[in-house]
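**Student:** Pulled the feature table from Swiss-Prot, pasting it below:
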- 1-18: signal peptide (SIGNAL)
- 31-165: disulfide bond (DISULFID)
- 52-68: disulfide bond (DISULFID)
- 67: active site, charge relay system (ACT_SITE)
- 102-260: disulfide bond (DISULFID)
- 105: N-linked glycosylation site (CARBOHYD)
- 112: active site, charge relay system (ACT_SITE)
- 144-214: disulfide bond (DISULFID)
- 176-193: disulfide bond (DISULFID)
- 204-229: disulfide bond (DISULFID)
- 208: active site, charge relay system (ACT_SITE)
């Protein structure tokens with residue numbers, strides 16, 4: 001444990017853009033309350049159980065993982081501590097849901113994306129502000145930020161009231177293909193591979209749908225990770241936002257016929 005803490009602290013010193021240091025997402029640090037204005041929480045409507053994270057990309061639209069979909073769910077914006085109702089938080093319902101169904105040059109691994117139109121726009125405040133879509137694709141070796149209300153212990157299921165943040169590295173896709181042979185990942189894909197190969201830092205269950213932010217840009221959506229979480233040499237998979245920009249922007253613009261990306 002002492003060694004893990006030392007390694008984590010050395011990594012943190014190298015992260016120039018991070019607003020708050022994180023040792024581990026599993027048992028790690030609480031996100032700075034001003035760091036996640038775009039992070040939303042999805043809840044199952046009837047049970048009021050927490051499902052997933054998501055990202056507010058403008059006042060009326062949220063991007064999350066398709067596997068987070070339920071027949072009825074709620075979206076909370078501006079939340080920090082889930083156990084306390086905050087004056088500035090806002091609740092919305094899905095008005096429309098869109099799923100990425102393009103077939104050309106996209107495999108099943110490239111389609112875990114859901115775009116949600118809210119029933120009414122949110123009002124920006126000091127705790128609510130959208131995160132812009134990326135202007136360019138991410139580079140391997142980038143330092144990336146992940147956050148969410150997912151498990152802080154694994155395999156034990158411990159969910160925190162506040163979001164936890166961590167810094168991980170964007171890895172070459174081949175690293176995930178080699179490390180995760182049971183998935184039989186295709187030779188080429190539009191998913192991102194990210195993690196800390198030494199282990200101890202990772203997203204986990206219920207972090208699904210949340211953002212992967214690399215060098216300050218929204219580059220990925222939490223998609224899949226090994227169980228237990230944070231194992232050495234077991235990185236996780238993220239949907240690549242940049243390769244879905246045409247689809248996202250076409251829907252937001254109101255196009256009824258969406259052209260699939262090349």
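Heads up, the Cβ atoms here are built off N, Cα and C, so glycines get one too.
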**Student:** Using C-alpha positions only, work out which of the recorded positions 31, 102, 112, 214, 260 is nearest to residue 208 (active site, charge relay system).
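**Tutor:** Of the recorded positions 31, 102, 112, 214, 260, 112 has its Cα closest to that of residue 208 (active site, charge relay system).
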**Student:** Taking every protein chain shown into account, which of the disulfide-bonded residues 68, 229, 260 has the largest tally of Cβ atoms within 10 Å of its Cβ?
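**Tutor:** When each Cβ's neighbours within 10 Å are tallied, 229 leads.
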**Student:** Give the helix, strand or coil assignment DSSP yields for residue 67 (active site, charge relay system).
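**Tutor:** In three-state terms, residue 67 (active site, charge relay system) counts as helix.
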**Student:** Work out how many Å separate residue 204 (disulfide bond) and residue 68 (disulfide bond) at their Cα atoms, rounded off.
**Tutor:** 14
**Student:** Do me a favour and check the Cα-Cα span between residue 102 (disulfide bond) and residue 214 (disulfide bond); whole Å is fine.
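**Tutor:** Roughly 26 Å, rounded to the nearest whole number.
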**Student:** Do you see any of the recorded positions 31, 112, 176, 193, 260 whose C-alpha is within 10 Å of residue 67 (active site, charge relay system), and which ones?
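**Tutor:** Within 10 Å Cα-Cα: 112.
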